[in-house]
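What follows is a short report on a single structure.
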Amino acid sequence: MLCRCSPLLLLVGLLTLRSALSQECAKYKVSTCRDCIESGPGCAWCQKLNFSGQGEPDSVRCDTREQLLAKGCVADDIVDPRSLAETQEDQAGGQKQLSPQKVTLYLRPGQAATFNVTFRRAKGYPIDLYYLMDLSYSMLDDLINVKKLGGDLLRALNEITESGRIGFGSFVDKTVLPFVNTHPEKLRNPCPNKEKECQAPFAFRHVLKLTDNSNQFQTEVGKQLISGNLDAPEGGLDAMMQVAACPEEIGWRNVTRLLVFATDDGFHFAGDGKLGAILTPNDGRCHLEDNLYKSSNEFDYPSVGQLAHKLAESNIQPIFAVTKKMVKTYEKLTDIIPKSAVGELSEDSSNVLELIKNAYNKLSSRVFLDHNALPDTLKVTYDSFCSNGVSQVNQPRGDCDGVQINVPITFQVKVTASECIQEQSFVIRALGFTDTVTVRVLPQCECRCGDSSKERTLCGNKGSMECGVCRCDAGYIGKHCECQTQGRSSQELEGSCRKDNSSIICSGLGDCICGQCVCHTSDVPNKKIYGQFCECDNMNCERFDGQVCGGEKRGLCFCSTCRCQEGFEGSACQCLKSTQGCLNLQGVECSGRGRCRCNVCQCDFGYQPPLCTDCPSCQVPCARYAKCAECLKFDTGPFAKNCSAECGTTKLLPSRMSGRKCNERDSEGCWMTYFLVQRDGRDNYDLHVEETRECVKGPNIAAIVGGTVGGVVLVGIFLLVIWKVLTHLSDLREYKRFEKEKLKSQWNNDNPLFKSATTTVMNPKFAER
């Protein structure tokens, strides 16, 4: 299998080398060899003496290797340090699965250094297994079976490894509402059956430190009692965080670490603690006191990402042994937690041994190669060449599945620095395994120029030669240290080479020598850079037909401005000097309402090309010319006596021409119709007035007044008649109602209230005869 990988590794290496050689050199403000090396991985420096000519900057020494060779720099004079990787031989003794153990990298900015890491899975590697169990009431039958597992569990480990140890811990949930019932009686016995003996709820209890004594495991687990809580999710993530954060209390060795997490329900995570008024985020530290997580009610649950980071940091591989209904939930959790597995637990945990074996085989047959946190200036990628023939390139971490015992697999690691970095180190590890690779990183930014670096005569005995460039002594500057500063600082000298305080020295196109700009010679053919501050050139002008200033026949470029030859004009000399296309029939340029540019009228606002004759949006000054129309045509109105003086520039046209129609009143109240015909220029009009006017007779005042008075009187009489009729009808209706009431008031008997004025008395003694 190694033979199959070698050609692929060679191909990747060749492609990387070809890519590096084909890179361009984007140099900027380069004056030294170090500046050049930092400019990019494609840049190289020529240390040949007198390689740069008169007026050329030192930056011409910095270019791609191909360009430098083409310019006459021999290969021995080209300084081009490359990124390197040096591996240290593996230490003898011990069972090592990862090699090499130490690598030293010399990194040039932008250029990757590559090295190979080999992983060989060992047989019988030591294992520590910690069994973390949910003791909520629904796990009662599971606890009964786990109490019998001690010897079987350790025997199962010994089938896999020569050195196995087991430990035990349990969890329920935080002991505050709404997670558990906080009634004192329920806190003492949280089980639904009061006759059942249960232990008080707790967050996490470390029961048994990792041991190889199966009898001790069975004894300690046998003492455990079931507990209970209120809500369905459990506090399992709290317990896992403590198992990972307390290595000494748990007893972890530097071997393969397995954490079996057994539960039949989901889990609380960060933010759920707010339901119980717990706001402080989980700090990821160990808080075990007397083997109990007593600070559970002070810290929120950990987030899944926080737990994943802690497990990876502690090199712990979790195995989630969950019931059928929770398998999909925990499979999603394994997508976030690397090197984790899920197994379906039977309702009574009777298959836990088989589950652990299968999960371990699955975990140990897959290898992830990863590194610890790095600064932004370093980038690490992995190419994985697996034993099953599957390959992956440029991945953020190495990944191979189906790894077999004693069959090596190769990872190619590529490390790239974005700038010259400080010396530092980082660690590469295979997740779930204890072996690591320590990578020491050093910068590769210095130029090792082994030529006449001590020759001072080439620099006028006032400096030394370094990589083909003079490095002047204090008080001297210049390409050959020929300029003495005479006590002036470099800032003062450079100030006279700046156009203003905000500009760069010599516009970035020259060198400041003794306070004066010496402009560079351009690499562009026929381009000349000049000016006091090298701010001018003969190429930076507008172009016409792809040529600067339209070509030498049309114009020449002087300091960003085109100077046109005779017969041409325009910002790029693109126009012929002619106005023929701008003249109207009268020979007036743009009708006096625009300017002729490039033989085309540029009309004033509102007027339309081609000759600026029409202005659809302009307002017609009809009222302003009404008095002139009256005096010129009818010899009346306010201007009648001095019409020639007031309207001297306005002509009366004998016949109607195209123009704007106007209707205005004259001094006699008649309506005039006339046409305004615009002449060349602005506000210049001639008139054509219609012969007839429309005069309207004045109103008959007497008829209007008489009609108005008569109308008012008639309206008044009509209103009185209506009022009288309505009044009569109302009286008639009231009279009829009175008559009707009168008929209703006739009596059939005497009025009981009436008393007659005559009284008749009968004499009883009187005898009738």
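Every residue, even glycine, has its Cβ placed from backbone N, Cα and C.
In Swiss-Prot, CYS601 is paired through a disulphide bond with CYS590, chosen from CYS590, CYS598. Site annotation (Swiss-Prot): Ca(2+) 1 is bound by SER138, ASP141, ASP142, GLU347, and the candidate from ASP58, ASP231, ASP264, ASP435 recorded at this site is ASP264. Matching GLU38, GLU56, GLU220, GLU234 to the Mg(2+) binding residues that Swiss-Prot gives (SER136, SER138) identifies GLU234. According to Swiss-Prot, CYS483 forms a disulfide bond with CYS514, chosen from CYS449, CYS514, CYS517.
Counting only same-chain residues six or more apart in sequence, the Cβ atoms lying under 8 angstroms from the Cβ of CYS73 (disulfide bond) belong to CYS46, LYS48, PHE51. Per DSSP, the secondary structure of the domain 'PSI' (24-74) breaks down as 17 helix, 5 strand, 29 coil. In terms of Cα spacing, the disulfide-bonded residues CYS506, CYS590, CYS612 all stay beyond 10 Å of CYS481 (disulfide bond).
Each residue in the topological domain 'Extracellular' (23-700) has a pLDDT score, and their mean in this model is 87. Rounded to the nearest whole angstrom, the C-alpha distance between CYS590 (disulfide bond) and GLU234 (Mg(2+) binding site) is 89.
Cβ environment of CYS612 (disulfide bond): CYS590, SER591, GLY592, ARG593, GLY594, CYS601, CYS603, ASP604 lie under 8 Å away, each six or more residues apart in the same chain. Around the Cβ of CYS472 (disulfide bond), the same chain contributes CYS459, LYS462, GLY463, GLY478, CYS481, each under 8 angstroms and 6 or more positions distant in sequence.
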